[in-house]
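Record features (TrEMBL):
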TRANSMEM  54-74  transmembrane segment
TRANSMEM  86-106  transmembrane segment
TRANSMEM  112-133  transmembrane segment
TRANSMEM  145-165  transmembrane segment
TRANSMEM  171-190  transmembrane segment
TRANSMEM  239-257  transmembrane segment
TRANSMEM  263-281  transmembrane segment
TRANSMEM  293-312  transmembrane segment
TRANSMEM  324-348  transmembrane segment
TRANSMEM  360-381  transmembrane segment
Amino acid sequence: MENAIRDWRGRAYRPGPVPADRMRMFWLALAAMAAISPLQYGYAALLAREAGGLTLLAVWIACQAAGALPALHLVRRGRLSVRASLAMGAALSGLGLATTALSGGLGLPALVGYAVLGGLGGGLVYGVCGEVVSAWFPERPAGRVGLITGAFGYGAVPLLVWAGIAPGATTAAFLAAAAVATGVIAAAAARLRLPPALWWPDDVDPRTHALDAARLRTAPEGTKQFGLAQAMRTRTMPTLALILTCAGAVSVFDVIVVAGTGAWGALALLVALNGASRSVAVRASELFGRRRVLATVFGSLAVGQILLAVAVQNAAVPGQAAGALLWLGAVAAGLGGGAFYPLLAGLVREFFGAERAGDIHAVVYSAKAVAGVVAVVLALTALTAPGAALLAAAALAALPALAAPRLRIPGLPATIPL
């Protein structure tokens, strides 16, 4: 801990100069996240229409959510470099998209190339880019990570617009996405790196930052720095994982349902808002508190399901829902369908401390694997009873809306209202 300074809670920092390419690393990470978006949102919208495609999507989500955990463990301990991780991510993500294009997204090649290898590649890119950005922006990690995870949402919009304008060009669209993903992620691999341990920008006093009353009012810090094993013994961590499972399932399901209506404009809007709302929600949480904003986000997601259910049930032609209700449902579901991801990441840091927040959040995020299965069950139900499936999704979104305000910092007495 030589040359380290400590704040009032005992957390250690090593202030150092801000590298000239810090912002360039941020933009490269954002571009890499956008490049892997077609693996989830592009496939869900264009190819997950029947049981076979839905099953492959569930496998992809499971591999993306849980497969990168071992690699992140090695990266954080310096046993695997950021460059090697992202190079593997570039190769596997490009392979996944190319396999999707050439196989039509179905069959054994798609299972191996897209669902398993493509999922692992997407997980590597998602996890490592988030780790690098949060480490280089420790004074405001939630805001910066919210921006790059937002790109994971709206990065698929060009592919969806292309496919909507020229439905017969889906194969070419996925091949182009494969080439872009390989090149962009490889460029990020060449430039991204982690800062020294405990690094903090020397233009921000960490002790003053730790005492910022306005920040502590809306984002109070944990009672101590929890380890992963300690966090898992609390009731809060399983609750966060359950919340992510419910909301994550509804988020993926909405893309499938709106794509099934054939309204490509509403679908593009849904996916765009899914990504763009993330950074907006983080900024709002800094003003009004994460739990309050999180409950609002889940409320919007639940309202979106009801609007979509009415729109689909009232469609004049089955499978061709249109009109104001569909667009309003896409807006409400889009605003709520992605914003919860950075908010939950911020709550992990708020509840369990910053030192092991990456490890703890990775385990919470792995609950998305279960969310993928739930989304597929909802989508299969929607093939015969779309209204009932959407009402079930509304209930799933309402549960975390009720639970979010009741989340508490572990270790505080019940009499303290935090």
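Cβ coordinates come from backbone N, Cα and C, glycine included.
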Key: Recorded stretch, among 145-165, 263-281, 293-312, 360-381, maximising Cβ pairs under 8 Å relative to the transmembrane segment (54-74)   = 360-381
Key: Annotated stretches the transmembrane segment (171-190) and the transmembrane segment (324-348) touching (3 or more Cβ pairs under 8 Å)   = no
Inquiry  = Would you say the transmembrane segment (263-281) and the transmembrane segment (360-381) are touching, if the rule is that at least three C-beta pairs must lie under 8 angstroms and be 6 or more residues apart?
reply    = no
Query = Taking the transmembrane segment (293-312) as reference, which of 86-106, 112-133, 145-165, 239-257, 263-281 has the most Cβ pairs under 8 angstroms?
reply = 239-257
The transmembrane segment (263-281) versus listed stretches 112-133, 145-165, 324-348: most Cβ pairs under 8 Å = 324-348
Ask   = Looking only at residues six or more beyond either end of the transmembrane segment (239-257), which have a C-beta under 8 A from one in the stretch?
value = 40-41, 44-45, 48-49, 54, 57, 61, 267, 270-271, 274, 298, 301, 304-305, 308, 312, 333-334, 336-338, 340-341, 344, 347-348, 351, 363-368, 370-375, 378-379, 382, 386, 389-390, 393, 396-397, 399-400, 403-404, 407
